[in-house]
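Each remark here refers to the structure printed beneath this line.
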């Protein structure tokens, strides 16, 4: 069992990583006997894990209600968020309740925002079931829903009480979802840890076949890196922005193509290549390093070009609504070397459009 602590003073919390955690009531600490829980999950995951998690919580003496949400990024919306509030109020649940997010990034982000908002804030626990949510979205307290004009535009920074990563969940993950998660894994190597990127080049095949020790190390290393960044910059005023490599481009793809048509990791993968091409055009990054990124993403089964039907010009309106924009100016996360990156502003729109076009025509 691996245990990592996100160090945030009185709001610090553990990330527990192991197989078989859904069999152990202690996995869901700080929940105690007599407490009330609203378990939030999705239509796909409910048949797989709802009864199991409910059973282990009830074994610990916890009173469990549940709400099942529709699947897909398009349902990470204010309308679906309202169904969670309605379920909480109908029971009813008070300020002493705990929300448990059992699912991928959509369930985790939406449940976290519900917890941040319900009666001005209640406790919640992240139980991520996809690789993407295990290595990224469940850690760090970013919670949100989407708006038709932009992804994650309505939300809050709100930390969970704990994160429970049961590696056995990956056995039921569709291959496309596994690949999507690997995009965020590869991101950590590009922005922060060149040695980890090298390890991924050597061990990607083991990850694709869900080799236990390789996957446990991979998730642990990603969570360590994320925990270090969040501890240093919880509210994304500096260092934490680096975790958005590829996201400014990727969010544009998701919004333009319709949420759910491109998985988040797929859009981020193409966006990371666009960021690398932008850095190349600025003379800050070598084409050989870009090719290493492209090769690893391709081996993972991820796209390295944007949608053919989306023109370079179509990216700009979305990118100019990005949350990192300051004084109307885009701020891009650009790689300087494998394992090193920076936030860059003042890049001309023409250069960015040319970098996007490089990826459209490749």
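Any Cβ shown, glycine's included, is placed from N, Cα and C.
Annotated in Swiss-Prot:
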BINDING   71-76, 105-109, 129-130, 142, 151, 169-172  NAD(+) binding site
BINDING   184, 247, 264  Zn(2+) binding site
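Feature map: Swiss-Prot annotations on the structure.
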residue : record              : Cβ within 10 Å
71      : NAD(+) binding site : 16
74      : NAD(+) binding site : 14
105     : NAD(+) binding site : 25
108     : NAD(+) binding site : 31
130     : NAD(+) binding site : 29
169     : NAD(+) binding site : 24
172     : NAD(+) binding site : 13
184     : Zn(2+) binding site : 27
247     : Zn(2+) binding site : 26
264     : Zn(2+) binding site : 28
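Only 105, from the binding-site residues 71, 74, 105, 108, 169, 172, place their Cα within 10 Å of the Cα belonging to residue 264 (Zn(2+) binding site).
Note: the Zn(2+) site is recorded as 184, 247, 264; in the same chain, 132, 136, 183, 187, 246, 250, 265, 267, 268 also have Cβ atoms within 8 Å of that site's Cβ centroid. Rounded to the nearest whole angstrom, the C-alpha distance between residue 74 (NAD(+) binding site) and residue 247 (Zn(2+) binding site) is 17.
For the pair formed by residue 184 (Zn(2+) binding site) and residue 130 (NAD(+) binding site), distance between Cα atoms is given as 12 Å, rounded to the nearest Å.
If you measure from the Cα atom of residue 108 (NAD(+) binding site) to that of residue 247 (Zn(2+) binding site), you get 18 Å.
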